[in-house]
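**Q** Sharing a structure, written as structure tokens. Questions coming.
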Amino acid sequence: MTGRARARARGRARGQETVQHVGAAASQQPGYIPPRPQQSPTEGDLVGRGRQRGMVVGATSKSQELQISAGFQELSLAERGGRRRDFHDLGVNTRQNLDHVKESKTGSSGIIVKLSTNHFRLTSRPQWALYQYHIDYNPLMEARRLRSALLFQHEDLIGRCHAFDGTILFLPKRLQHKVTEVFSQTRNGEHVRITITLTNELPPTSPTCLQFYNIIFRRLLKIMNLQQIGRNYYNPSDPIDIPNHRLVIWPGFTTSILQYENNIMLCTDVSHKVLRSETVLDFMFNLYQQTEEHKFQEQVSKELIGLIVLTKYNNKTYRVDDIDWDQNPKSTFKKADGSEVSFLEYYRKQYNQEITDLKQPVLVSQPKRRRGPGGTLPGPAMLIPELCYLTGLTDKMRNDFNVMKDLAVHTRLTPEQRQREVGRLIDYIHKDDNVQRELRDWGLSFDSNLLSFSGRILQSEKIHQGGKTFDYNPQFADWSKETRGAPLISVKPLDNWLLIYTRRNYEAANSLIQNLFKVTPAMGIQMKKAIMIEVDDRTEAYLRALQQKVTSDTQIVVCLLSSNRKDKYDAIKKYLCTDCPTPSQCVVARTLGKQQTVMAIATKIALQMNCKMGGELWRVDMPLKLAMIVGIDCYHDTTAGRRSIAGFVASINEGMTRWFSRCVFQDRGQELVDGLKVCLQAALRAWSGCNEYMPSRVIVYRDGVGDGQLKTLVNYEVPQFLDCLKSVGRGYNPRLTVIVVKKRVNARFFAQSGGRLQNPLPGTVIDVEVTRPEWYDFFIVSQAVRSGSVSPTHYNVIYDSSGLKPDHIQRLTYKLCHVYYNWPGVIRVPAPCQYAHKLAFLVGQSIHREPNLSLSNRLYYL
């Protein structure tokens, strides 16, 4: 589970409230399924979705959430827009500035194929409108629960169907007067004047309505007793236990409602939350048994900081930012009313949770959201390890074949299984009386069937390698068998290279050299025997050997490692990428132990070594001449203040087989890159050095763009590219295209064949129905998968002065998915994006510094 996927919903602080609960505030709203029994917080204690002023722990019970217009606690729809960053992209209309695709952005080449997708139309009754009201209180009432309770005393006026976030009220009807005044009374007898002012009548397609639909849908999921974790909803009452790995899976769904080409539609996909059946305290205890006592606290911090935990008392997720060893469950904190309470007593009263270990430290989670517009950050959340479950998988689990195999049985769904699970959710919506009543009250309904439409399958590519041309089976998108034994396009001789190994791996080292001698002749690589260097199995010994033996004549260093210990790998890569710039190849010895795969592994190692020294493997036909292709991706370096590293990779020849690579560091909190101008200028110089002329087109594939950052990209990064191109020289005015690449999409596509659903073939393009009318965008399914459902990639052309037709952009994009030299097949994104990802990952994970620029013309990071 990646960091960007973890959206934690922690609410705003609320103090003690004296409310006479009347109307909807007094009881459960009609139509809701009663929540499971849960200890309700006592009045005056911490309530709400997350934290109290200053100190914090806790969240409101489900019944309380439903009292306050369920769903609107998570997202305010004030004029400034909602909190979910992806909605900020709604107002970015880039297509209107692209004259050549204003009329049509669809291509026509390829074979027509029938597809269906996990989208369902949302329909509304004729002349439907949403009425938005602003609510004022005199005197001012700060607490949202109190404001809601006072307003809902007048349910006879506003009606049973309403949505209120504390300031903005939405109704499916228009009140008689534009301004309506009513009076309410608090529990202590204070009279409050409430002014209800109509501010907007919203059509179904307005951005505010789109946000509203999503909130209403989340309300429906709560009615069905699904539990929100981050942005998604899960069913804790239907867990899947994997006891032999101490894991639990909660099945659930991702959902979003957006305006697509012709309809407003719900996109929903299956999601799975992987939890561990051990608490953080269990984890700490097990670690204590394996660690020296004086290193225990350091080791715990190293293992836990950055992880996401789930609180067992209210199913909220938090990121562990620190561990406070000076506090324990007996420590006290100050509540909103000024009184002090210990964690022990607080959890006993608030959640009926008994803490047994009174010496455990306290976990600290820093908030990310401020209180209101321009508000201050609330205090940190203080969590008890005993009451928190670990989530996600450790690196050890991810590298355990059996763990991943057992997980895949439940999480890797075929198209038909995925359609069945999504269909179950839609069936529940149509069959649940409470859900249907809610939808009827708002005048909304959903289609019952998956959306069907036509896509296109692009022509498969021919692979050129060493003067020969190969076809491959498009169903598998892999040409490793077809090209085996064929010479490469460009090879680098292995004349002067080192092989560093430990004594216990002497046999593996000799075996590797013998097998390399067997596989390299067919590739056209001339190879001499390596300089063999035996070292102790310590990081310092490897570094000492590198310092003593690597010279300016050394072409590449191969390090045979006993294990995949990160510290040793990092030290080797850091030295050879920065202090002594030399291509390097690290090999874990056990991968050479299986006789049935040893030749295939030796082949892969030889190919990687050739690439890292500057060789070229294969190519496809690239009709677009004088075009430089750029790929950009970002990685967050958690060890360096969580700053970002952007990998920048650009082609420097017309065949797009040679690449220039740089990286840029960016301060914390910024994903967009300031230093791209320097990278692009350097790439243009590298192109000029190889070709003696400048490219007439620059096409940028921009990956690593987070939700809500599209506007910044359009307004800031694109002008930076344009300024850079202008600064190259008078009269130089190449055409620029910028395409945003997005892998994390919830859309899934299924090919219809003989009454069954299956994965679309590689090369399937979708540019109708489920694309966005305000964007020049399309999907491509480029890769093949052996199991489960294939994931498409979304491409959004945000700037384009090329004048190229949609067919040409789509075909170029698909071609570029064929030239990633670490895999003899089609990958999910264009090769420069994957190269940029590999570079940024290496720098962020291992090097933490800018690599030496003398390596920039080689794929040293593969």
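Cβ atoms here come from the backbone N, Cα and C positions, even for glycine.
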**Q** For which of the residue intervals 1-48, 49-96 does Swiss-Prot record region 'Disordered'?
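**A** Comparing 1-48, 49-96 with Swiss-Prot, region 'Disordered' matches 1-48.
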**Q** What range among 218-225, 242-249, 618-625, 794-801 does Swiss-Prot record as motif 'D-box'?
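**A** From Swiss-Prot, the annotated motif 'D-box' range turns out to be 218-225.
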**Q** Report the mean pLDDT of the predicted model across the motif 'D-box' (218-225), rounded to a whole number.
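**A** Average per-residue pLDDT within the motif 'D-box' (218-225): 94.
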**Q** Using DSSP, tally how many residues of the motif 'D-box' (218-225) sit in helix, strand and coil.
**A** 6 helix, 0 strand, 2 coil
**Q** What are the helix, strand and coil residue counts for the domain 'PAZ' (279-392) according to DSSP?
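**A** Across the domain 'PAZ' (279-392), the residues distribute as 35 helix, 28 strand, 51 coil.
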